[in-house]
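As annotated by TrEMBL, signal peptide applies to 1-24. Under the heading domain 'Plant heme peroxidase family profile', TrEMBL lists 25-264. The disulfide bond annotation in TrEMBL covers 35-115, 68-73, 200-225. The site 'Transition state stabilizer' annotation in TrEMBL covers 62. As annotated by TrEMBL, active site, proton acceptor applies to 66. Residues or ranges marked as Ca(2+) 1 binding site by TrEMBL: 67, 70, 72, 74, 76, 88. Look at TrEMBL and you will find 163 tagged as substrate binding site. Residues or ranges marked as heme b binding site by TrEMBL: 193. The Ca(2+) 2 binding site annotation in TrEMBL covers 194, 238, 241, 246.
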């Protein structure tokens, strides 16, 4: 079951990137004529960033997900606060947790050097997530391109629509259904939590008060996450292989070793 779930995570993650992006006609060859070296420039920037900070792979995948879940895959998550924009960066699901903005900016800078004003930030985020996945052993796939960047953002929508670590299964299924994604899609997409880390405040309730958790796992996590304080202390979502894209996330859940209640 776990092996099948891992394969589903890879396959459905690819479908997510391709299908939730937008309703326009996208194509993997969109920049073949206008900026043929764009993808290699992005890939170089992403690989360099992850080589310096292995955790960045998870951050870039999460950044893409959080962008797509609010207004579609339009790079609205990159927009800073202005007199007319309430930045999504300060939404509860992103504040002090979303990372990788500087990596996307670096990739954009490199692309601008070879073809100014051609490649959208929305496409760069999508390609960055793919390259991040591939770099740490996850799936690689052809990213459909041609997205346009949003000139608006919505902190209100981000607060209302991004999934939260404390939500019930029913709430999460409903949230994904509103995006045209089934419960199966949601389970597969959650497989990206085979990478990355979570802050203590997001799993404190689970390791101290929940019963559907392995006792030894809970004890291990309590060592660095006390009942009070250390809110920002990090712990890997997958204790076994925290920096590799594999199916241990699903194996962990089957043993009640999911770090976040929403995952378990």
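Any Cβ shown, glycine's included, is placed from N, Cα and C.
Of all the binding-site residues listed (76, 194), 194 sits in the most crowded Cβ setting, with the most other Cβ atoms within 10 Å. The average pLDDT computed for the domain 'Plant heme peroxidase family profile' (25-264) is 96. For the recorded positions 70, 115, the greatest number of Cβ atoms within 10 Å around a candidate Cβ is found at 70. Using the Cβ center of 67, 70, 72, 74, 76, 88 for Ca(2+) 1, the list of other same-chain residues with Cβ within 8 Å runs, in sequence order, 66, 68, 69, 71, 73, 75, 77, 150, 153, 154, 158.
Ranked by Cα separation from residue 70 (Ca(2+) 1 binding site), the recorded positions 35, 163, 200, 241 are led by 163. For residue 163 (substrate binding site), the nearest neighbour among the recorded positions 35, 73, 74, 88, 115, judged by Cα separation, is 88.
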